[in-house]
Every structure is written in C-alpha cells, then in structure tokens.
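Q: Below are the features I grabbed from TrEMBL:
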ACT_SITE  TYR24  active site, proton acceptor
ACT_SITE  HIS99  active site, proton donor
BINDING   ASN73, HIS79, ASP86, LEU100, SER101, ARG110  substrate binding site
SITE      ARG19  site 'Transition state stabilizer'
Amino acid sequence: MNKKILVIHGPNLNLLGIREPGIYGSCTLDEINKEIKAIGDNKKIACEIFQSSHEGEIVDKIGATDANGILINPAAYTHTSIAIRDAVSAKKIPVVEVHLSNIYAREEFRHKSVIAPVANGQISGFGKNSYLLGMTALIRLL
Ligand code: DQA
C-alpha cells in the first residue's frame, strides 16, 4: 500500500442507522466504513477513517494528515465552517465532498456548501453510495 486516503465523517454521522433513517438510510457508519475500506483494499490504497463532531479536531486532522487525498462528509459543517474550508484549501491534495442526502432538495440553509468551491468535486444524494462513488472519483485523482 503506497497511497493513503483520509476519510472524514463530521458531526452526528456516528449516529447513522438510528438518526433520521428516512433521510440518511438504515446503514450504520461501521457498515459504510467496511465498504469504503474494501474499495481501498481492492486498489491497494490504505484508508484512515476519522469521525468527529468537533470542528477544531477536523481542522487539526486535515492539517496534520500525510494522506494523498481526502474523502469528507463535513455534515452540518458543510454549510458553516470557513475553518474546515481553509484547512482543505491549504492542504493542496485532492478532496472529494460527499453527502448521503441530496442537500439541494432539502431546507434552503443546506443548499450552500462553503467547502465545495475548494474541493475537487461533490457527490450528494445517493445514500451510502455517495461515499462509494466518492472513493472511486478520489482514487482516479490520485
Ligand atoms: C449531510 C447533510 C448535511 O446537511 C447534514 O447536516 C448532515 C449530513 C448528508 O450526508 O446528507 O449531517 O452531510
């Protein structure tokens, strides 16, 4: 394994499976992580997976990582966090933003991502497949 991807799950994503399953699906975070890792293993790419509900921890993680690319679901911080945006922008490695739900089909405050302009791209609305599609897209950028 010579390349590495950092996968970041933002606030409340640890509650997947029990949190609003009508919106986010019934898969747990562990189940999604296993599928992400399987994609990495298949391509001989190591995956470090990190979940935090704390903005500063996510900023620090991005700043310190030696990964070659980042797959991130910033969750609610998508819409508010200039600090995470600046961390992504400073890093100069490929970053793919993903969302389980289609943020553009939901409340207006979710329509804006402050992260998307500094990411390579965004995948939104395909449930857990957003992560799997995001992995494939990110691997192609590495
Ligand atoms: C989310 C969408 C965000 O608006 C929300 O705050 C989340 C999850 C998604 O994956 O659909 O926590 O990022």
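Cβ coordinates are placed from backbone N, Cα and C, and glycine is handled just like the others.
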Q: Which one of the recorded positions (HIS99, ARG110) has its C-beta surrounded by the most other C-beta atoms within 10 angstroms?
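A: Of HIS99, ARG110, the one with the most crowded Cβ is HIS99.
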Q: For ligand 1, which among the recorded positions ARG19, LEU100, SER101 have a CB under 6 Å from it?
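A: List returned for ligand 1: LEU100, SER101.
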Q: Across all the protein chains here, work out how many other Cβ atoms are within 10 Å of the Cβ of SER101 (substrate binding site).
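A: Step by step: centre on the Cβ of SER101 (substrate binding site), count other Cβ atoms within 10 Å, giving 18.
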Q: Taking Cα atoms as reference points, which of the recorded positions ARG19, TYR24, HIS99 is nearest to HIS79 (substrate binding site)?
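A: The answer is HIS99.
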Q: Give the helix, strand or coil assignment DSSP yields for HIS99 (active site, proton donor).
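A: The three-state answer is strand.
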Q: Filter the recorded positions ASP86, HIS99, ARG110 down to the ones within 10 angstroms of the residue listed as 'active site, proton acceptor', Cα to Cα, kept in sequence order.
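A: Candidates kept after distance check: HIS99.
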Q: Determine, to the nearest whole angstrom, how far the Cα atom of ARG19 (site 'Transition state stabilizer') is from the Cα atom of HIS99 (active site, proton donor).
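A: Rounded to a whole number, the Cα-Cα distance is 15 Å.
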Q: If I restrict to non-local contacts, at least six residues apart, and a C-beta distance under 8 angstroms, what lies near LEU100 (substrate binding site) in its own chain?
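A: In sequence order, LEU16, ILE23, TYR24, GLY25, ASN73, GLY125, PHE126, GLY127, LYS128, SER130, TYR131 meet the Cβ cut-off.
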